[in-house]
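Going by TrEMBL, these are the annotated features:
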{"type": "BINDING", "residues": "B:THR14, B:ASP33, B:GLN41, B:TYR46, B:ALA86, B:PHE121, B:ASP286, B:THR327", "note": "FAD binding site"}
{"type": "DOMAIN", "residues": "B:5-291", "note": "domain 'FAD/NAD(P)-binding'"}
Amino acid sequence: MQDIKITIIDREGEEHLVDAPTDMNMNVMEIVRSYELAPEGTIGVCGGMAMCASCQCYVLSNHELPKKSDEEEAMLAEAFYVEDNSRLGCQIRITPQLDGLKVQLAPES
Amino acid sequence: MINTDILIIGAGPTGLFTVFEAGLLKLKCHLIDALPQAGGQCSEIYPKKPIYDIPAFPEILAGELVDNLMKQIEPFQPGFTLGERAETIDKQEDGTFIVTTNKGTKHRAPVVAIAGGLGSFEPRKPPIANIVKYEDHGVEYIIRDPEMYRDKDVVIAGGGDSALDWSIFLTDVAKSVTLIHRRNEFRGALDSVEKVQELKNLGKIELITPAEVVDITGTEKVEAVSVKRNGEIFNRPCDHFIPLFGLAPKLGPIADWGLEIEKNAIKVDNSLDYQTNIPGIYAIGDVNTYPGKLKLILCGFHEATLMCQSAYQRIHPDKRYVMKYTTVGGVEGFDGSKKEAPKAVVKAIE
Ligand SMILES: Cc1cc2nc3c(=O)[nH]c(=O)nc-3n(C[C@H](O)[C@H](O)[C@H](O)COP(=O)(O)OP(=O)(O)OC[C@H]3O[C@@H](n4cnc5c(N)ncnc54)[C@H](O)[C@@H]3O)c2cc1C
Ligand code: FES
């Protein structure tokens, strides 16, 4: 399977266009970690279990994303700086349909 | 002053296992942790989740792993300073270190092992512009002494277990309890949710949902919070505002100890013994970094084992120690206990 391209705006506002593999069961949070787009310890604190909101991001493109699970809804209800387009990066699996996705990392909290 | 051989900062799995390895070398340990309980991330973040990559445990709950570690180190009688954060470190003329906590507890040891993981767990503070001004003047992120709230008007914010549990608890203490959450659904244990519902029906808890606290007012101390619900903002007089949004790890004071830091972790020499740039201070487990580092429990255990050998040489430069297998040498606790493999009996056959 092929890589897709996604754009991630880091917490300093810098835009990064990165290749994301679709065949490694990765999610957006893990992509941010693998490209070191946020300092260690500031993203993925719960390892991707929808339990910390450190991976919150704003979805800026019009991609159709999987529906939020109850856990994701509940975590976002406790997170800070939440907007209508907020999602947990760890809950967005990289699939070919997400080619061109653009997200911005929410502020650290 | 608490005196020990190895002072361990962080009572996560790495810190706990260090006690065992040090114990085999007859070195005494004392642990400091900012959390009120041992276990680090395993206890704080995911106690009920199974771990599958602990050697010889096809599956074990994180909480169980911590219980087992505590049992394994029992014979070595470690000391604990819990609920306090290691704040400063001072090297003495005799080469020992004095580590002082945020509550002023002092510890002295010739060797310090930092097993601080991702850092000490600190409360997550809601982004309310002036909240810092009211800290300890009506805003508390952790409830230490419930009596403080006797006959007071208390506003709690949050939607998880601690917000629910403390709301329930404080109904018997406070004059009034208001619970504010951004959704109508809570994600705590079902019986806590039901209990809050019951107390709400009895008029003992006021529930304001879906809503959030957006501002705090008061001259010297908290006098009211502003609550936003359905786009409207209203004032809610209170004496205390308690935001309970969980804890997040922060490297914290350790970052200012003069240690070489890279990517929020402490650089160590992994070709030898996980020592930092300051001789006598080691960093093991998730808190350290070196080429190829993996943040896994098993790696923390390995690093703890090697570090203890080096610590032994530091403490006893004139003695030589040869590693022994526990199968052969057994385990001799400081409490007088001894575990060893039963000896095979040789009996003549007549
Ligand atoms: C959701 C999740 C799932 C995981 N799953 C696995 C898995 O399946 N397998 C695996 O091997 N690993 C897993 N891990 C990683 C594993 O939990 C860590 O590698 C391990 O906890 C590291 O142990 P540690 O003792 O080094 O640090 P920690 O467990 O982080 O403990 C460090 C302790 O130090 C304390 N501390 C820090 N600074 C100070 C200070 N200044 N003063 C006082 N106390 C301080 C902290 O409060 C904390 O209790 C997972 C992690 C998470 C979050
Ligand atoms: S990494 Fe914790 S919620 Fe996504």
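Every residue gets a Cβ built from N, Cα and C, even glycine.
The binding residues for FAD are recorded as B:THR14, B:ASP33, B:GLN41, B:TYR46, B:ALA86, B:PHE121, B:ASP286, B:THR327; their greatest pairwise CA distance is 38 Å. Neighbour counts of Cβ atoms within 10 Å were taken for the binding-site residues B:THR14, B:GLN41, B:THR327; the minimum is at B:THR327. Just so you know, the Cβ of B:TYR46 (FAD binding site) picks up 17 other Cβ atoms within 10 Å once every protein chain is counted.
In sequence order, the binding-site residues from B:THR14, B:ASP33, B:ALA86, B:PHE121, B:ASP286 that place a Cβ under 8 angstroms from a chain A Cβ amount to none.
Ligand 1 lies under 6 Å from the Cβ of the following binding-site residues, listed in sequence order from B:ASP33, B:GLN41, B:TYR46, B:PHE121, B:THR327: B:ASP33, B:GLN41, B:TYR46, B:PHE121. There are 31 other Cβ atoms within 10 Å of the Cβ belonging to B:ASP33 (FAD binding site). Using a 10 Å radius centred on the Cβ of B:PHE121 (FAD binding site) and all shown protein chains, the other Cβ atoms total 21. The C-beta environment of B:ASP286 (FAD binding site), restricted to residues of the same chain at least 6 apart in sequence and closer than 8 Å, consists of B:GLY12, B:THR14, B:GLN41, B:GLY116, B:GLY117, B:LEU118, B:ALA265, B:LYS295, B:GLY300.
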